[in-house]
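Pasting in a structure now, in structure tokens, and then I'll have a few things to ask.
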């Protein structure tokens, strides 16, 4: 390569930076360096100017250049770089970090440039005039035009005087937010100087919420060299302005990838050659591997002959001659490169280089670092630095051992690929990869390779690798000196094994035995340990991926498994390298809250097996000993009698199928023990059956008893004439005989379960209502039986009055209440059973061969699925476990988690959820969470915990009975004692009021009978029958009335709590909205005469008829309705691209149009509105090429979306609607807006609740923009958006902790935990079965006004329950003293039958009071509208407070203004505000692409249909 000639006199000499941009000039052509001084510049700031005061004389520079040309050993490549670039770089660093660009006046003639600046915050024409006046006064501004409607400014300026960034700063100083619009003109300096700004656009996939945007903007904005970051959630892209001499697009991409997202460089503005910093970077890479010693006597040569070492490289990715020149010019500049020749045809490069200055690896990295960044370099012999003519191999050194953790291996093919490729790398002696443990042990030469290079090589193969341990020990091999004559044995090196090639330089290495990596690691470090972290703040799958990917890159971390719903992370780590607290700190650095769970040991596997073939105790011992000796099994117990084995194991080490295989290997057969499905512990069928039988038995024998009792209460003038009073035998009347027979059956059959419950209660030292019931009935029965036996024994003339009528009445009413109680409990528990029914029963576990080819498929029960299994899921099947997609693409219905109807795109690496439905393609997934660790199991746990936290309605009565029962027993005992004392003191009192006893009975007996009678009367009349009926009867009547009004209320708990509700939380999709997408607008973008509306609808409807997407179904349904037909045209070549749109060819629509026109008749109002349309008379079939989708889909197909169309789409998207573009035959011809419309009564229901003093909150898994749009329509001020089911539960608990009673209104499976946790859960009748079962109240008619009606009815019912309780208490307060004989002195005394009658009367009074609820009438719609008339006002966006996920920071709209009523102003993310000045100035760029749809579940992206 020749040196460039001198420039002509008078022309300015190029700076070092400009020289590097000229492909015809090398590094050695620099004759003069420019230094920079500060001088007053535009707007009071300073800008650089050129001065030659500090330039060295030409002689000095010439001497320097001559030394380089001569290859003097005194001048190194680092000196070259520092000498050439230090002054320029030093100054450009200072200026660029302050946001200014280098001024090159005198180097390049002045010229003007045009640019566009986006401005946020303008509200009127006064703002426009202020900005125009301020900016036009700046030096270098030619003209400026500000548009209020477009929120932008068109500026023409002189780049050499002022930059767009300086203009932006001036506008921001006025109080507005300004940023350079994307895609506009850049300054001249940025096109020439590699040290100025460049822009790169990256496609970022995996963002699901605004927190993802904030996370990316915050982290990337803090990187050195990043000027501005703008992330679009809807477009799934990031536009980054950066300084290329500090950071490269590949670095930005890697940083975003490390955060858990998938980033791809779409396009960039890159320098055409290497800048000074790029060269410095390449120079720094030379220190990776130490160069061989340099012969100081040779000048830039390796051999006495002075010739360099030749190296042949294969270079892929070259496309034209410019690629060849790019490589030759830039690589030829590197120190140590003597010559380079690149061949485009053979895709090779021959380099003559000096190995003392540059290594083959550095050359490879230098070529691959050249723009555009798509060159791939490989060595023909597969080893770096082993060129064919290499004569000076490096000196050998002692080998080292390292252990890698490798994630992503799925089969033996992965193991062979890694071992085959890594073993060929230079310096690698041997490698052993272990699939089960996910590790690799490598023996390598540290003088020829580096652990980080090996780790990067594994990652280049598509796996994730991290370094666990390193060990470099000098005693592993002998010392080999160059002049030693001692053989390997004498030197201490082991003799190579048979078949093992000697290593270069006579180095021999130990063979790595194929054993567990844990044993290999034990020689260098301790065994890995496992810790568990509690993590909060995760909102979506990208948070999980973010944590897993970043932790796995940390040294010492073996594996990471994060569970989103459980909020836990399982980390396997090397305790020598890292500790749990450090891991928690790493998670905290990622922006999450993390704490080490000290006492948590993880969930061990539990397996119950049926074993056949056992004959004696020896078989049991053999099985148990075999299992207990197996690593990973913590417990094993085998029962010979039942042929069952109970095994506990660590799922990290061993799985259920492995245990089954172990048992079969020793000669027995094992299978999964049959278990009762749907969680038998939640089933109340046994209790329901027993209390039902108890009630029916008591009823059958109790009805005659009650009939006879009523008969005896009828007044009779001749009481002795009754047939029932006749004695069968002396002392035993017919009535008492019938009472005895009936009561005996009731006492011992119908009352059996009461005796069981009372016994259990007394055994635990408690006295509840069961004890009181049993005590009262038993004493009444025993007393009646005793006095009847005595009367018969004494042959009394009259049969005594007994209490045989008391037990049947008590048992009938109480058994009925218990039966109803357990029925309600069973209905509540059915929610859990239905949740469990979502779980698949079997999984298709596959075995993969090379290239992921399925070798074998096996149907495995869910209990036998192990972590790490590869599972195949076909279209329409359920995902059996949580996992990651290994192969295939599909759409998954995850509504059970998100509650949103839109399917989610799944591709390799995506997370899938157990219980969700696979909608389209067949996929292979890797199981990550199985058994109780799945997301579905966590939801079941949430619902179960919420339900268990609720006390049953009987708890209050039981608590009251805990005091009432002992009190009544004491009163009864005191009554007995007092009357005994009174009777013996004054027998006349007893004789006066006690029925005439038979002759021959002593006074003492009379006194004891009377005292005992009063005591029994107290127990009978004080029985809590009325208390037990007060609530259940009101509940039964109230729920019946509610059901008649379209409200299903489950039990007394919701009725009791609903009147206390102070906060109502509404879900969005399916609750506030209909949950079904509908077309809200069709906008034609072409002339009606060219393409009529009916033809557009016919074509679009035909195209969408082949789509299964919910939006496509909605569009098809609309087109059929508008065309008045059920048949559409013919669709061919249909192709659907998830996340973008569809393309197809449509024909045969002419007959549909002609038929529609014949059936249409007179023009409709819709036709009059759109204008007359020409009829279709062309009989020939026309074929249309159709594209339907989002902006990105149109861009991919070469169509331009104009600003007017973008504005129309943005207008709909800010309202929470999805805008779809339609192109026919390559022409953008229409836009269709699809929305999930708000229910008509939603706003009225919200207003009525507010007028009742109830706070209303909207909580949804949808994005915050859609949530805000819905909230403004219905009048809700507080919104929680982008929340998970666990977040909904947490929000309910948060409000409950503030002392508020919370009602949750929802319709989906994802709402069921919150419905169960809330004080009152209200489900929409059209919702899922799980939600309906988990809720306390169900709105059968799907009318939100019924939420108001349920609260209103609750208040009426609770008032009635309180009245019933007052009546019951009054009865007891009056009846107990009367029964005790307190009022005997005034002549008031109760006979035993009177006590029974009084008890019955109290029950009847309570029942009649409850029946009054049947007169309730629900307020009608007219009444609600009359109350709301003149008071309902719409909300603006600024009046709605939005919180995202578990974030308690408010996401309010901008300050209220007239602009709020017509436009939505994008929010400024908070994270970039923490970055440098430039990021703060540009963080408010208008993101028009935020296309959240009401129908999207967890993706802020327009869904293709």
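Any Cβ shown, glycine's included, is placed from N, Cα and C.
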Which is it, of 914-936, 937-959, 960-982, that Swiss-Prot names as transmembrane segment?
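The range carrying the transmembrane segment annotation in Swiss-Prot is 960-982.
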Return whether the side of the membrane given for residue 758 in Swiss-Prot is the same as that given for residue 1150.
yes
With Swiss-Prot as the source, identify the stretch among 1114-1135, 1136-1157, 1158-1179, 1180-1201 annotated region 'Disordered'.
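That would be 1158-1179, the stretch labelled region 'Disordered' in Swiss-Prot.
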If H, G and I count as helix, E and B as strand, and all else as coil, what does DSSP give for residue 323 (Cu(+) 3 binding site)?
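For residue 323 (Cu(+) 3 binding site) - judged by DSSP and reduced to three states - the answer is helix.
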If you count the other Cβ atoms within 10 Å of each Cβ, which of the binding-site residues 1307, 1311 comes out on top?
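Comparing the binding-site residues 1307, 1311, the most crowded Cβ belongs to 1311.
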Report the nearest neighbour of residue 320 (Cu(+) 3 binding site) in space among the recorded positions 616, 619, 1307, 1311, 1438, comparing Cα positions.
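Smallest Cα separation from residue 320 (Cu(+) 3 binding site) among 616, 619, 1307, 1311, 1438: 1438.
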Given a 10 Å Cβ-Cβ cut-off, pick out the one of the binding-site residues 323, 616 that has the most other Cβ atoms nearby.
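Of the binding-site residues 323, 616, the highest Cβ count within 10 Å belongs to 323.
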Between residue 619 (Cu(+) 6 binding site) and residue 323 (Cu(+) 3 binding site), find the distance joining the two CA atoms and give it rounded to the nearest Å.
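Here the two Cα atoms lie 75 Å apart.
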Sorry to bug you, but what's the C-alpha spacing from residue 1307 (Mg(2+) binding site) to residue 1438 (phosphoserine), rounded to the closest Å?
29
Out of 323, 1307, 1311, which of these binding-site residues is nearest residue 616 (Cu(+) 6 binding site) by C-alpha distance?
1311
Tell me the Cα distance separating residue 1311 (Mg(2+) binding site) from residue 323 (Cu(+) 3 binding site), rounded to the nearest angstrom.
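Each residue's Cα considered, residue 323 (Cu(+) 3 binding site) and residue 1311 (Mg(2+) binding site) end up 58 Å apart.
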State the residues, same chain only, that lie 6 or more residues beyond the ends of the topological domain 'Cytoplasmic' (758-764) and have a CB under 8 A from a CB inside it; answer 'none' if no residue qualifies.
770-771, 773-775
For the topological domain 'Extracellular' (786-804), jot down how many residues DSSP puts in helix, in strand and in coil.
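Taking each residue of the topological domain 'Extracellular' (786-804) in turn, the totals are 9 helix, 0 strand, 10 coil.
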What's the number of neighbouring CB atoms sitting within 10 A of the CB on residue 1438 (phosphoserine)?
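Excluding its own Cβ, residue 1438 (phosphoserine) sees 17 Cβ atoms within 10 Å.
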By a 10 A CB contact count over all chains shown, which of the binding-site residues listed here is most packed: 320, 619?
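Checking each of 320, 619, the winner is 619.
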